[in-house]
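Quick look at what Swiss-Prot lists:
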ACT_SITE  Y199  active site, proton acceptor
BINDING   G66, G67, G68, T69, G70, L71, R91, D117, K214, P240, G241, P242, I243  NADP(+) binding site
BINDING   R91, R119, F149, S157, R251  substrate binding site
MOD_RES   K42  N6-succinyllysine
MOD_RES   K49  N6-succinyllysine
MOD_RES   K49  N6-acetyllysine
MOD_RES   T69  phosphothreonine
MOD_RES   K73  N6-succinyllysine
MOD_RES   K97  N6-succinyllysine
MOD_RES   K97  N6-acetyllysine
MOD_RES   K106  N6-acetyllysine
MOD_RES   K244  N6-acetyllysine
MOD_RES   K260  N6-acetyllysine
MOD_RES   K315  N6-acetyllysine
MOD_RES   K319  N6-succinyllysine
TRANSIT   1-34  transit peptide
Amino acid sequence: MALLARAFFAGVSRLPCDPGPQRFFSFGTKTLYQSIDAPQSKFFPPILKPMLPPNAFQGKVAFITGGGTGLGKAMTTFLSSLGAQCVIASRNIDVLKATAEEITSKTGNKVYAIRCDVRDPDMVHNTVLELIKVAGHPDVVINNAAGNFISPSERLSPNGWKTITDIVLNGTAYVTIEIGKQLIKAQKGAAFLAITTIYAESGSGFVMPSSSAKSGVEAMNKSLAAEWGRYGMRFNIIQPGPIKTKGAFSRLDPTGKFEKDMIERIPCGRLGTVEELANLATFLCSDYASWINGAVIRFDGGEEVFLSGEFNSLKKVTKEEWDVIEGLIRKTKGS
C-alpha cells in the first residue's frame, strides 16, 4: 500500500491532545479527520467531489482489486457515481459486500463483489470469468490490492518477503495478464491503472519488500504500455504519497509518531485525501486521457522533490538567521 493510502476513519470530535487546526469531512458513512497544522495548507484545499462530468463512465465496466476499503473504495465510489458498473474484489467478502451495498445505495448503480485472493492464479482466473459473466469485459482495470508492514530488513523472514511480493507483484501480474488475455481474445481495449508508491522509484528502508514489489509493478505496466497498445490497452501508474487511511496507518504508523513529520516535509502542508486520488484515477481511466499511456504520476503534495533537494531543510532558517548568513557570505573571498 502506498506509504500511505490514508484519510483516516476516526469517530472523534476532538483528540485528547489537540493537534491544532483540523478539517472534518465525510466519506460514505464515515467521518474522516485530518490534521492541517502547516499554515500553507490553506492555499491547497482538497476538492472532494468528482471533477469529471456526470455519466463520464456510462456504459463502461470497471474492475477494482482491493475495492472494499481505503483508496479502492474511494475510486469505486467515484467510478460508480460517474456511471460505471463496478466489480470489486478482495479476500474479505463480508467487507466487500458491505461496501458494494453502501456504494450501490449511494450512487444507484449496482456494484458487484467477488471474493478473490490475487496470490492464487487459479482463483484469479475464475474471478475474471465471473467478472465477464456478471458485467462483461472490463473497460477499466485498477490494480490496487496491496500489503505492507514496517520492519528492519535484517528481521525479515522469507515468509514476510513472500507475503508482500505475492500480493503486490505476483497478484498484479496474475490479474493483469489474465484480463489482458481475455481482452485480446475479445478484441477489446481497456485502461489499466496501477497504484504504487513514491518510494517505488527511490527505494525506502524498512519497507524493502513493498518497495521492491512496487518497483516491479511499475516496470510491468510500462512494459505492457509499449507492448499491448496495439491491442487497445493502455497502462498508467499513480504513486501516492501520504494519504491517511486507517488500514495503512495501523501498520505503517501504529503509534502516530510520524504523522507530524510527514506533514512538515510536504510543501503543500497537509496529507492527501482519498477523494483527490479518486479524481486523478478516474481521469486517467477515462476517455479524456486516451493519449496518456505509460505515465507515472507522482501524487504526493511535493514530498518527493522536497526530500530529494540537498538544501530544502533550510526552510527552517528564520529571516534573522538569513540576515546573519548573508552577512557572513558577503565577507567571504570572491563575493
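Placement of Cβ uses the backbone N, Cα and C atoms for every residue, glycine included.
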Farthest-apart CA atoms of G66, G67, G68, T69, G70, L71, R91, D117, K214, P240, G241, P242, I243, residues recorded for NADP(+), distance in Å: 26
Three-state secondary structure, I243 (NADP(+) binding site) (per DSSP): strand
Integer Å distance between the CA atoms belonging to R119 (substrate binding site) and K260 (N6-acetyllysine): 35
Integer Cα-Cα distance in angstrom, R119 (substrate binding site) to K214 (NADP(+) binding site): 15
By Cα-Cα distance, the member of binding-site residues G66, K214, I243 nearest K73 (N6-succinyllysine): G66
Rounded Cα separation (Å) that holds between K97 (N6-succinyllysine) and K214 (NADP(+) binding site): 28
Euclidean distance between Cα atoms of K106 (N6-acetyllysine) and K315 (N6-acetyllysine), Å: 44
Same chain, 6+ residues apart, C-beta under 8 Å of the C-beta of R91 (NADP(+) binding site), given in sequence order: R115, C116, D117
